[in-house]
Each structure stands twice: as structure tokens, then as C-alpha cells.
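According to Swiss-Prot, the domain 'Ferric oxidoreductase' annotation covers 55-284. Taken from Swiss-Prot, the feature domain 'FAD-binding FR-type' applies to 285-395. Per Swiss-Prot, N-linked glycosylation site is recorded for Asn238. What Swiss-Prot records for 34-49, 125-167, 223-395 is topological domain 'Extracellular', and it gives sequence analysis as the kind of evidence. According to Swiss-Prot, the feature transmembrane segment maps to 13-33, 50-70, 104-124, 168-188, 202-222, 396-416.
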Amino acid sequence: MPVCWILNESGSFVVALLWLAVNAYLFIDTFFWYTEEEAFFYTRVILGSALAWARASAVCLNFNCMLILLPVSRNFISLVRGTSVCCRGPWRRQLDKNLNFHKLVAYGIAVNSVIHIVAHLFNLERYHLGQAKDAEGLLAALSKLGDAPNESYLNPVRTFDMGTTTELLMTVSGITGLGISLALVFIMTSSTEFIRRSSYELFWYTHHIFVFFFISLAIHGGGRIIRGQTPESLRLHNVTYCRDHYAEWQAAALCPVPQFSGKEPSAWKWALGPVVLYACERIIRFWRSHQEVVITKVVSHPSAVLELHMKKRDFKMAPGQYIFIQCPSVSPLEWHPFTLTSAPQEDFFSVHIRASGDWTEALLKAFRVEGQAPSELCSMPRLAVDGPFGGSLADVFHYPVSVCIATGIGVTPFASLLKSVWYKCCESQSLPELSKVYFYWICRDAGAFEWFADLLLSLETRMSEQGKAHLLSYHIYLTGWDENQAIHIALHWDESLDVITGLKQKAFYGRPNWNDEFKQIAYNHPSSSIGVFFCGSKAMSKTLQKMCRLYSSVDPRGVHFYYNKENF
């Protein structure tokens, strides 16, 4: 089992462990530096350990804010993914988990933000207490520094009469910190799966608060409220001796009044590179959005599915890739991902869009396909296209055996792959590595995806004519059927074609037994590397991951299942 787990999970584990290790190192190193550094001795007198907690979490925040934009820079990831020299094997598959890493980094930002905020609330209160009338000793002496000429202050709170909330809102750091916190709350809460499923538009718009987040982050340290002793002051002012003789600071030559300065802001240095990279990403998207997209065909399918055929200058794709589509007449800002359902051999590229939210429903209305004939092509809404981008499905042809599994509308990514196989068979081209494809499709009603059943029928016919029927083995499972359908199916069971799908391969009714399926595939292909590709529900994804681990051989010479899930 450990070997089987390593096949599919080791890469993700190593990445997560490395990320955690860097965070731990930065936090611990910074924490102890601020705990022991002599320049911050007097600062610690006022703030105590909260100083180290605030600064350590700040460094980790800077590190994670540096990383957060990289996983969503699609063109950068596609560039790296296409560089086989830099990205091979299991590490290439990690690029397909970019959104998982994006979420992991976001959790890191959230955790460190909470630590940072709580620590600074303690700091603010302790600064405030330092100006209290009953404050005494070294604490009072340090808090009063800055009142006399030629003195620099250590305590940014200059009076006890003003409340801590007012003090917070009177500083650059306080205002920007509040803005950063609110932006983070909006972004995190709107990123829950429930919000993304029920109102993708809310998720999309609130995520663009990141612009305000990074601007506030860049100037957050400009207030320099955390101050330490200057190097010149440390040279003249012996902290070890002078801390016990604070009453003599004004008179004793050995203990001149300590001078303090704020630390130079550094957050912008951490974020500058990724922000510039992401700015280039958005410029590329803007440029692509203004390239002309010609809609050549519109087809309305059952169950509110819209098929669009398009052309665009210099558009080159590979099987399994996806694009982002914008329709300015529906929303001038929103971009939505859709997998390509056309093959590279075709002179157009296509997508199938199902109405499953406000934006897609509005798009279908814009094309007037709800119960009406498609619009004339000249009156079609303008579309902008960004992409294509590579996903995990692009690796189907890199395995000798590939198992493709889809549920419901998740079948669309496999249309391009199967079409590509179909064209290669038509052109008598060989598939260098791929020798067998197992395709599983689980849906409630095949009629809802009539277009895909037609594709399978064409593929089945062509491959049979070419004598390559052995290359593809497909299994359709229908989960939505009633008693009347069952009787109808039973009466026509002996017919050569399936009564529901019209295919030679009979459909199954219910759900597949994955233990039996994986056991049979492992038996059919001993000593093979088998790629398992899935697009569908999270629950089934967990089941398939478990099957890949369970049926991968411990023996390096045995069968190995490599799990890949399509993510947007």
C-alpha cells in the first residue's frame, strides 16, 4: 500500500510538506530573531511576546502572498507544462492540481492573518496602557520618549485619552490592515463550494478585490508602528547597562537617550515579482479578448445544452484542453471555463455549454436557443476567447492504457479525446503509446447528452470499419430509469442495438462496481502503466482515488494506476 500511495499522492505530499517546512522555518526563525534581537529589547518591554508573534506571522503572510497568484497564472502554467524538459512524470501532474495549491496557500494566508491581527490587537492595547497615568518604571520612560526635542518616539500611541479603536483608524497601518482584513473575509467566504456552485458570479466578482488587497498590502508597512533602536543608538547606548538606569538617560554620558526608527516596509518586495507576472497574464488575456472570434455554427441540444462552433486566427489546440469564454453582452467582466469538444484535426473549435447558473442561462437566452431556432449568424452576440490551456486530460495519449470516466456533463472533456482517436483511425495514423482506451460514462438520461451518444455511434462505426474496434471499450451506465423503461428495455434486450442509446454496446442500468472493473483492467494489462482520467463529482473522485491505490501493484514491475482529475 505505501508504494501504491506514493504513485498518486507523493507529489502532492512533497509539495505540501515543502510549503509547510518553508512556512515553519520562516515563522520560527523570525520569531526567535525578534525575541532575542537587541535592537528590539525596549520594544519588547512594552509589547512582550506579541511583538514576535506579529512579526513572524507577517513574514509568513508575505511569503504566501508571493505564492498565491502563481497557481492562477494560466499562461505561465501552460508554458511550464509544455516544457517537457522542466516538467516530466509526476511533477507534470502536480501542475494540474494548481487550484488545490492555490487553496492551500489561501488557508496559510488566513491562519497567519488571524495570528497577525490578534497579536497586533494585543500590541495596540499595550501601547495604550504604556501611556496610562499609573504606568511606571521603564515602561513609562519608554512611552514618554518623543515628547522632548531631539527625541524619537518608540510608542506610537501618544495619549491615553484616545480610545484604541480611534488610534487604530488614525494610522496608515491600521486603515490598510482593516482593509486587508475585510478584503480577505469577502474573498474567503465567497470561495466556499456552496457559493461557487449556487452563485459563481458572486465568487468571480469578489475575487477581484485582490487588487485592493495587494495595494493595501504594499503600503501597509508604511506606518512603521513597530520601531526598533537604530544601529547608531545601539553603538552609543549600552542596553544591558542602561536599561537599569533609565532615570539617568538625560544626564549620564554612558546612557544617551535611545533613538528609534521604524522598519522599512518589505511586503511589496515579496509580492512584486508575482504581481508583475500576473499583470502580464492579464495583459495577454486582454489582448486575446480583442481578437476576433467567428461563430460558424450554433446547435441547440436537449436539456438546455448549447453547442458553439467557432474560428479564431492562429488558434491551436490539443485534445483535452479548455478555454475561457466571455460574452460582453451578458457580462463585461466574467470569464467562464469550458472544455473543448472538437478535435485538433477539425477546422473549427467547439464547446458544449449547459445552462447551470445565471451566466450560462443568460448566454443561452442571448443566442435565443430556448425553444426557438438558432439566431442568424450575423446577429450573434460577440464572444471573446482566452486559451487554450492544458489540463490533465491532455496526457491520455501518454499512457499505453487509459481509463476515462465521466459523470453527467463531465463527459464533455472526453469528446475532444475520442474525436481525436476517431480522426487518427480515419487517417490510419498510429497512436505511439496508447493501445487501449476504456471509457465509462455514468449519467441519468442519455437523451440529455444526445450529441455525445451520436459521437460514440460515429466512433463505433468508423473504428469497426478500420478494424480497430479493439482500441476502444466503452461502458454507459444510466442511473435515471423507471419501471416502464425497465419493461421496455427487457422486451428489446435481444435486439442488436441498445434500445436507449442506439449503440451496439448495450447500456448498463445502475452504477458500476468499481472493484470489479479495476480488478478486470488490472488482469487484462499486467505490468502496465494505466492512466485514470476523471471529470465529475467529488464523491466519485474519492472512490476512484481509492481504487487506484488499492489495485496498483507493490511490485515495480506490476500494474500501476495513475489518477488524474480535471480541475478548473
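Keep in mind that glycine also has a Cβ here, set from the backbone N, Cα and C atoms.
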Can we call the transmembrane segment (104-124) and the transmembrane segment (13-33) in contact, meaning three or more C-beta pairs below 8 angstroms at a sequence separation of 6+?
yes
Sequence-distant contacts of the transmembrane segment (13-33), meaning Cβ under 8 Å and at least 6 residues beyond its ends, amount to 52-53, 55-60, 63-64, 67, 94, 101, 104-105, 108
CB neighbours within 10 A of the residue listed as 'N-linked glycosylation site', counting all protein chains shown, number 13
Sequence-distant residues near the topological domain 'Extracellular' (125-167) by C-beta distance (under 8 Å, 6 or more away from its ends) are 42-43, 45-48, 50, 174, 223, 225, 227, 230, 243, 246-247, 249, 257-261
Per the Cβ under 8 Å criterion, with at least 6 residues separating them from its ends, the topological domain 'Extracellular' (34-49) contacts 55-56, 122-123, 126-127, 130, 138-139, 142-143, 154-155, 226-231, 234, 239, 243, 258, 260
